[in-house]
């Protein structure tokens, strides 16, 4: 009799517990980012953004989508900034891990290489890749939650050319899709601003010695050196070596937040007076709070791209909730496209890019020009795509 | 134009000296032990991290750090010979594969310990030397100066000491050398130790110029390969000639044409030398 009672109680508990347990599922998010080599600080910033966004929903009991709670798990793979490594990782994520959402890739060549896989399988990607080819109506599942050179270069360059009396500029770019695309954008932007990109050098990404190239550039008597398109570490090496050979002109980085890493590599003295693009305004409390959380969690300085991917991942979660599904990526994609005036940690975010790319999958957000003093950014101008002041 | 020629010449000599430091240890280890040491780039990386730890963590003077790096690297090399290479002695292929495995272990060990992000290395000196329009960064002049001193010391050790004579005898003919009393049990670990020390001190010298991360060994290893192939595997004078030649080619082609062209010219040169002189510029043919 006693045994019968115990069995009955267990049965009742099992019946009660089963539906609740069935509702707790795992949502796998892929992080296909660069974790080794020159682009590692960007990749780690993206990965950690996804982890922090996942932590937010997990600590509240999981992401609630259509009455089901999902524990978010981030599965990370390193592409080493290489297209072939990215393809291998994308295959694993899509076909073995069965993910439907990927944060990544960092580079332009890797995103172009994985898009045949992700688009074919309706996997939503959030890429950092700067190439214009990453976004198009034929690639409806790719989004870019960070502004690129194409969005931010012109207003910043207009302001810098006018305020720093710049006439000629030299630049070094990586010899790949990212470098080519940025070189074109930058050259056009300087020309439109009334200056000229008179010295342009391309190099392989694993290069560390820039003295011969800088010698050639400096010999042409340029007023400024532009760093856009280079990874944080490479940019730091260029700054250090440019100052080493006595370049005293203006150093500019009009895209790709990387100030802290550049200062780490080049040192405070070499970076003093450098003008950088910044998406981060310390006056915005949510931005500062995210930065503090990042530093407290990882013990590293935050890369400036990280908050974009934190917001991007949170927007992705919101889209899943609004679509009421995590499986139907077509519905999630549409919900994501329809998010407007999203209040992210960096400010108000909207999708843009219809005119430039033919599809509004490009994030639009406020940005700034900062001057580096003693290793820190000091904002000197606030910008929108229509200009800086 | 004359300014650019002179500047390229200076840049090329500095670059060539740096390549020589890497290549000479690599070719020495091959000459003595007949091992193609794929872990040579990782020993360079470890030397850079040793210098970083000495200067930034322990606050030691740079010169003291470099001296400690040499000492620790000799010990590390001797230990590596005993644990990794000795079981595969006289088996070149297995030794080569063991060195590949060692390279992976060292790189991933550094990755686990230091993380993937590059570490900042403070500049040891700042400013430039100027002669008219010519500019030499003091940091590079320091690296060049210390590098030359080390290479002179290495030359003295090799040419004017009993240990050096033993090493040279092993490079020339192992059997005859052992018949004349050269002790392999002593010369192998010390030979590898010396090779590792040269790579490590090169890493320590270049760290302030190029930074430090677990992945910095790949490019110097590739340059060392190019230099020893051009100069002749096992030939130290050949390595010296090839290193300076490579530095000058890279500097001049980068300055006058482009960086990509420099890589093309370098590899075309390697292919050309291999076609005309398969054993390298000063290399010996196989016996």
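Just so it is clear, glycine is given a Cβ too, placed from its N, Cα and C backbone atoms.
Automated prediction, rather than curation, is the source of TrEMBL annotations.
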**Prompt:** So which range, B:141-158, B:159-176, gets flagged transmembrane segment in TrEMBL?
**Reply:** B:141-158
**Request:** For the transmembrane segment (B:12-36) and the transmembrane segment (B:224-249), decide whether they are in contact, meaning at least 3 CB pairs lie under 8 A, counting pairs 6 or more apart in sequence.
**Result:** yes
**Request:** Please work out whether the transmembrane segment (B:43-60) lies in contact with the transmembrane segment (B:186-212), by counting C-beta pairs under 8 angstroms that are 6 or more apart in sequence and asking whether there are at least 3.
**Result:** yes
